[in-house]
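TrEMBL has this to say about the protein:
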BINDING   38  NADPH binding site
BINDING   45, 101, 291  FAD binding site
DOMAIN    2-70  domain 'FAD-binding'
DOMAIN    286-340  domain 'FAD-binding'
Ligand SMILES: Cc1cc2nc3c(=O)[nH]c(=O)nc-3n(C[C@H](O)[C@H](O)[C@H](O)COP(=O)(O)OP(=O)(O)OC[C@H]3O[C@@H](n4cnc5c(N)ncnc54)[C@H](O)[C@@H]3O)c2cc1C
């Protein structure tokens, strides 16, 4: 059984690792030229995905890199009123610890035999048992697994569905080494998540394991072309920060100070999702895991689902080593149900975040009376 996995993200690597634990080797084709070729993002909260790490034999190592204190939360209003502060006690169970995506990916990468990941191999097309790469190379497969994320190219082999914009645009920024550079702001943000909700926009700050605080300014109910008319000059970071401060007009000066303290990384990101409850007729020889299968609003489920997809597909393959179609069908029917439920829950949370009174509704969510 030759298994070709496209994409060395969390889903593809979890799949390769759990297969390896069960004595089945696979090859992961990744378009990035090396493991450190680009920044690997911020923090992820890992809850249901811990099961995948247990199946991967990595749960103890996971807890050494996870940050339980990252579960801390502060919720504020634009005038600076603190609505909620939740600090994680030292002895609290690590049910939803935060982990740096780069650290989690490194844990999975280091757990694979040398040569499992082939770097610099960008999937271009597939057919007749061969994967074709954009450099003209090719490789054989019995099973092709698209673990190639939100903009998956493998997905087109199974469905015409494409991600669509959901009316949220985010500007991502960050303050490096905040304890040293801005200790006052470090104390304000705290150890975990810091949220400020206004009408139609929010500011989210989150401490990362490397001392950087990542900040997202979210604009809700905005169209796909919103950045074009936003007046945010992404090619001039200082002017972009000044424009963001203007857009937070009337907000407490401390929130303006957070933006002013950011470095020159100012990135636009548009939020897209796949249709809720997406399925496809099972097709022998090809399947999808993670965002390629079920891109959902970014409210804390996507990474967990990707890890679980990878682990559960591996278990299905280990259970039916001589019957690929049965293994794929078993995996997909469970995944459609599980990921569909997670996507529905995420869509409900997204609807709450986009509502005009999101701060108060979130407070009620976390502190039901
Ligand atoms: C660099 C990066 C940073 C991220 N940062 C965050 C974050 O801060 N917070 C958050 O919530 N989520 C983040 N995400 C998304 C998050 O990791 C996923 O939503 C979730 O983990 C699902 O994982 P996945 O394995 O399905 O996809 P991903 O983790 O997105 O992995 C997909 C992989 O496929 C590779 N790939 C794509 N196209 C091809 C191709 N044609 N050929 C070969 N390889 C290909 C990509 O380079 C990537 O390594 C990030 C993703 C990436 C890639």
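Cβ coordinates are placed from backbone N, Cα and C, and glycine is handled just like the others.
Feature annotations (TrEMBL) mapped to structure.
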residue : record             : Cβ neighbours (10 Å)
38      : NADPH binding site : 9
45      : FAD binding site   : 22
101     : FAD binding site   : 19
291     : FAD binding site   : 28
Residues in the domain 'FAD-binding' (286-340) grouped by DSSP into helix, strand and remaining coil: 39 helix, 3 strand, 13 coil
Candidates 45, 101, 291 (binding-site residues) - the one closest to residue 38 (NADPH binding site) by CA: 101
Cα-Cα distance, maximum over 45, 101, 291, record's FAD binders, Å: 16
The domain 'FAD-binding' (2-70), counted residue by residue under DSSP: helix, strand, coil: 28 helix, 12 strand, 29 coil
DSSP-derived class (H/G/I helix, E/B strand, else coil) of residue 101 (FAD binding site): helix
Model confidence over the domain 'FAD-binding' (286-340), averaged pLDDT: 97
